[in-house]
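Remarks on the structure that follows.
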Amino acid sequence: MEKQFKINFEAIESYDHLDAIEKTLFDKAMQIRDLAYAPYSDFTVGCAILLENGEIITGSNQENAAYPSGLCAERTTIFYTGANFPEVKIKKLFVIGAPRKATSSIPIPPCGACRQSILEYEAKQKDDIEIYFASLGGEIYKTKSIRELLPFSFDASYL
Ligand code: THU
């Protein structure tokens with residue numbers, strides 16, 4: 001029998017359709033993206049995380065001459081958050097990535113390894129994390145939880 005997963009996401013038309021907090025997350029992700037250390041791919045990614053106490057944590061991708069030693073923006077940011085604010089819930093994660101010199105782009109979603117890492121923090125805090133991934137032009141895709149982006153996910157319940 002063939003079965004399907006249905007993935008729910010919201011397509012937000014433009015920056016103007018964001019609320020004030022979302023606009024701040026977009027702006028901060030864009031700003032930190034400029035500081036990405038990505039000399040090998042020249043693909044720069046910025047991430048902004050909103051905590052339940054209102055604090056915003058930002059990060060960018062960090063590459064390495066030994067390529068696999070580098071790390072995506074999402075994991076750089078969420079690991080820093082987990083290390084420094086282990087008791088504070090994460091409400092939203094906003095990511096924007098594109099080639100450094102690009103002037104337009106499409107919304108680029110978190111890679112598989114980042115989805116798995118984000119899932120771990122959802123499980124840890126027993127609460128959803130809203131995921132936003134944005135284009136340079138302002139079109140944004142939003143999911144209510146990382147589970148929408150990671151069907152058949154592996155978690156601690158299998159251990
Ligand atoms: N990258 C991210 O930072 N996040 C993703 O979800 C996908 C890829 C980074 C890793 C590498 O530095 C560059 O983008 C090209 O893959």
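Numbering starts at 1 and runs along the chain as it is shown here.
Even glycines carry a Cβ here, placed using N, Cα and C.
These figures come from a predicted structure and were not determined experimentally.
Some features that TrEMBL has for this protein:
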DOMAIN    20-157  domain 'CMP/dCMP-type deaminase'
BINDING   Asn61, Gln62, Glu63, Asn64, Ala65, Ala66, Tyr67  substrate binding site
BINDING   Cys72, Cys111, Cys114  Zn(2+) binding site
ACT_SITE  Glu74  active site, proton donor
Among Glu63, Asn64, Ala65, Ala66, Cys114, the binding-site residues whose C-beta sits under 6 Å from ligand 1:
Glu63, Cys114
So what sits near Cys111 (Zn(2+) binding site) in its own chain, CB-to-CB under 8 Å and at least six residues off in sequence?
Cys72, Glu74
For a quick check of understanding: among the binding-site residues Ala65, Ala66, Cys72, Cys114, which residue's Cβ has the most other Cβ atoms within 10 Å?
Cys114
Around the Cβ of Glu63 (substrate binding site), how many other Cβ atoms lie within 10 Å? Please give the count over every shown protein chain.
19
Using all protein chains shown, find which of the binding-site residues Asn61, Gln62, Asn64 scores highest when you count other CB atoms within 10 A of its CB.
Asn61
Which one, from the recorded positions Tyr67, Glu74, has the smallest tally of other C-beta atoms lying within 10 Å of its C-beta?
Tyr67
Going by DSSP, give the three-state secondary structure for Cys114 (Zn(2+) binding site).
helix
Give the helix, strand or coil assignment DSSP yields for the residue listed as 'active site, proton donor'.
helix
Could you tell me the C-alpha distance between Glu63 (substrate binding site) and Cys114 (Zn(2+) binding site) in angstrom, no decimals?
15
Going by C-alpha distance, which of the binding-site residues Asn61, Asn64, Ala66, Tyr67 is nearest to Cys114 (Zn(2+) binding site)?
Asn61
